[in-house]
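S.K.: The following feature annotations were taken from Swiss-Prot:
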ACT_SITE  205  active site, proton donor
ACT_SITE  341  active site, proton acceptor
BINDING   163, 341, 370, 371, 392  (2R)-2-phosphoglycerate binding site
BINDING   242, 289, 316  Mg(2+) binding site
């Protein structure tokens with residue numbers, strides 16, 4: 001038993017230059033943990049609350065001094081004296097102290113910082129890597145990455161409707177090889193864009209946002225880049241994309257619109273599903289995220305019934321890493337995968353519960369970054385600890401993204417012959433892929 005003796009939070013900056021919370025936690029036997037909390041740009045309406053100050057004279061209202069104050073006062077008093085290895089007790093203590101269903105009193109950014117710092121301090125104290133401390137001796141599966149190399153929708157200023165276009169090195173034999181394949185394709189894509197006179201500046205997640213006219217052009221460009229890098233589309237590197245459909249849904253008329261490329265065009269759920277199905281039939285796509293609005297549960301049922309056997313269907317805004325929404329989805333036969341974002345739910349314990357529930361129901365789990373990231377690499381350890389098998393952590397540029405890939409390669413080296421990279425077999429619940 002090792003007691004927490006001190007907790008200290010401060011306001012620091014994330015990868016977008018916006019304030020975020022950093023927490024340091026100390027134990028009586030010399031254990032130390034530090035954690036930084038990420039932040040999302042496009043967020044689901046059911047996510048846990050990210051507490052901001054609202055003072056327009058500081059950081060345009062985005063300061064986090066209130067959250068920092070809650071850590072340094074109420075939360076610190078509650079967790080000091082607890083055993084640092086009692087993760088569930090630490091997390092539940094904070095949840096109970098907050099007392100709201102969405103962590104609206106203290107903020108999920110305050111609570112998550114303490115939750116992650118405690119886990120790191122416990123791992124430090126027992127002398128284990130974080131992934132091994134969290135996952136035990138069976139933590140050995142390295143994830144297949146989703147690399148966001150092209151951006152559209154709300155993440156760009158072009159007329160591409162879908163928000164993210166990703167490559168997945170499904171044919172790699174290791175994380176190290178997957179990272180190399182991704183890097184080579186990223187640079188091939190950059191060269192193609194330059195040759196076309198397009199913009200090659202990168203966005204929040206390290207991907208390009210060139211002036212493309214529509215989704216079709218984005219898919220064609222990725223296939224061309226994969227070939228240019230010397231790989232076979234589909235066999236070596238497959239495609240994935242995030243529709244972010246909630247950005248294009250009108251709840252009143254129950255229709256979708258191609259908001260950026262052709263805002264006057266309206267689609268019923270069936271027509272929208274058919275449009276996406278057309279892309280999946282034409283291109284080597286293995287995963288689609290948020291194809292339907294987060295509140296259109298009937299639409300999700302329609303989409304899953306038609307597409308569930310041919311592609312991974314990931315719920316992000318739909319599930320927000322929350323077991324209540326995930327259980328509803330499982331009961332309704334909605335989606336077949338969940339995106340896992342630590343700050344959507346706000347504690348490590350609840351994150352583990354969501355991953356476990358997904359696995360028990362035969363859903364895959366994709367551990368994910370946020371658009372506002374930091375140098376913190378916890379999600380790399382988390383995805384190995386849980387043997388989740390897939391990670392979404394940005395493109396092949398920006399240190400805040402690369403830090404996670406570098407950590408995965410370190411973990412793979414540490415595991416040696418015990419490590420397992422599943423590649424295409426990460427989609428174990430989709431008949432047409434595995």
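Every residue gets a Cβ built from N, Cα and C, even glycine.
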S.K.: Which ones are near the residue listed as 'active site, proton acceptor': of the binding-site residues 163, 242, 289, 316, 370, 371, which have a Cα within 10 Å?
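M.R.: Hits: 316, 370.
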S.K.: Would you list, in sequence order, the recorded positions among 163, 205, 392 whose CA lies within 10 Å of the CA of residue 242 (Mg(2+) binding site)?
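M.R.: The recorded positions close to residue 242 (Mg(2+) binding site) (Cα within 10 Å), listed in sequence order, are 163.
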S.K.: So among 205, 289, 316, all listed as recorded positions, which is physically nearest to residue 371 ((2R)-2-phosphoglycerate binding site)? Use the C-alpha atoms.
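M.R.: Closest by Cα: 205.
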S.K.: With residue 205 (active site, proton donor) as the reference Cα, tell me which of the binding-site residues 289, 316, 370, 392 is the closest one.
M.R.: 370
S.K.: If I take the alpha carbons of residue 163 ((2R)-2-phosphoglycerate binding site) and residue 289 (Mg(2+) binding site), what is the distance between them in whole Å?
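M.R.: So the Cα of residue 289 (Mg(2+) binding site) lies 10 Å away from that of residue 163 ((2R)-2-phosphoglycerate binding site).
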S.K.: When a 10 Å sphere is centred on the Cβ of residue 289 (Mg(2+) binding site), how many other Cβ atoms does it contain?
M.R.: 28
S.K.: Could you state the whole-number distance in Å separating the C-alpha atoms of residue 316 (Mg(2+) binding site) and residue 392 ((2R)-2-phosphoglycerate binding site)?
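M.R.: Rounded to a whole number, the Cα-Cα distance is 12 Å.
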S.K.: Please work out which residue of 341, 370, 392 has the most C-beta neighbours within 10 angstroms of its C-beta, and give that one of the recorded positions.
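M.R.: Max Cβ neighbours within 10 Å, all protein chains included: 392.
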S.K.: May I have the list of same-chain residues other than 242, 289, 316 whose Cβ is within 8 Å of the Cβ centroid of the recorded Mg(2+) site, in sequence order?
M.R.: 163, 164, 243, 244, 288, 290, 314, 317, 339
S.K.: Work out how many Å separate residue 289 (Mg(2+) binding site) and residue 392 ((2R)-2-phosphoglycerate binding site) at their Cα atoms, rounded off.
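M.R.: With the alpha carbons as reference points, the distance is 11 Å.
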S.K.: Would you mind pulling the DSSP three-state label for residue 289 (Mg(2+) binding site)?
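M.R.: For residue 289 (Mg(2+) binding site) - judged by DSSP and reduced to three states - the answer is strand.
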